[in-house]
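Feature annotations, reproduced from Swiss-Prot:
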BINDING   Thr11, Gly12, Gly13, Asn117, Arg160, Ser209, Gln311  UDP-N-acetyl-alpha-D-glucosamine binding site
Amino acid sequence: MKKIILAAGGTGGHFFPAVALGEELVKRGYEVHFITDLRCQKYINQNLGLIFHILDLKRSSNIFLFLPNLSIAILKAIKLLYNIRSSAIIGFGSYPVISSMFAAVFLRVPIIIHEQNSYLGKVNKFFASFAKRIAISYEEVKNLPEFAKSKIVVTGGIVRENIRELDSIVYSASHRGLITGSKKIKKRLDSVVTPQNDKLFTIFIFGGSQGATLFSELIPASIQILMQKQPNLKLNIIQQAALDDQVKIKDIYSKLNINYECAEFFDNMALQYKEADVVISRAGASTIEELTYIGLPAIFIPLPSAADNHQYYNAKLLEDKKAGWCLEQSDISAGKLADKILDLISNPKILEEASKNLLKRRKEGHVLLSDLIEGVIYHPVA
């Protein structure tokens, strides 16, 4: 049985796409080893059929501390990769994979890079010269070295299986309506919507660990303004929020007499995606690929501190394709967000167009990348 190594950081944005790829490779008969860091421990499910290895690399801005840590991590990675003896390693970028990628270079293990964002990250750019192939999610990726362009293969992003199963739900702006005054607002076709939510326009808000605090202040304020402008709106709000913020948020929504669900973490995002008419979120690659796959439109507020400002480029690319909306954090206000939400509710055809444009980008990334890996293994390239 041939062995394949996946190297990915321990945050959900890197971890879940790598797991989805691993599951596909296991189905194809490979023994899959997953090298990651300590942050992923809350996600690890031993029933996935993957063999996990924790190889932590402590980040430090002090070069005199980082280099010794990196050297130790590389030696550990060399020992690990030597024992595994894999046919290929797939790197998903981010600093935790550096040691594994250096080890692969040293041991001459064929390297494939997967770039999820529309901007090639520093780690992936560094190892691009050693890679056999570079798989990308977007047709247009910034920061690509000229020499790397011949290695590029567009595979699309990789989406978790439970999200891919939502493919049967059709987004339609002309099926069900909700009434706001005398205006009829169209709603998406959703076979799982419950009778009590039949006429509610549902907004799903999540920001991850780096977005929840901002959203806990911005979103309720926006909804208050929205309800002042349109008191008859029938809304359903699903919002991720830190425990410390939930009392305040629930109090605001209760006083507005709107339906809401507020939680610190959603274990199964598919359930929330099923209910949503529009999403408000950060613009991480994993989030964008999931929304793209199911054609669910979103208002993106990119995280300004994201490496290389990649979230802005992700969101702006979709906005340019009329497949989403990008509102920069430095320029946003509760009033501007309320106006954008009201515009979308009042013009459902805009939502439907965005959904169609998202679906035009969809690819079966887990299949295409697995095919690419097999091509490198069985038909080696220079």
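Using the three backbone atoms N, Cα and C, a Cβ is placed for every residue, glycine included.
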In sequence order, what residues of the same chain, 6+ apart, have a Cβ less than 8 Å from the Cβ of Asn117 (UDP-N-acetyl-alpha-D-glucosamine binding site)? Ser137, Tyr138, Val141, Ala285, His310, Gln311, Tyr313, Asn314
Over all shown protein chains, what is the count of other CB atoms within 10 A of the CB belonging to Gly13 (UDP-N-acetyl-alpha-D-glucosamine binding site)? 20
Neighbour count (Cβ, 10 Å) for Thr11 (UDP-N-acetyl-alpha-D-glucosamine binding site): 20
Cβ contacts within 10 Å for Gly12 (UDP-N-acetyl-alpha-D-glucosamine binding site), all chains included, total 19
According to DSSP, folded down to helix, strand and coil, what is Gly13 (UDP-N-acetyl-alpha-D-glucosamine binding site)? helix
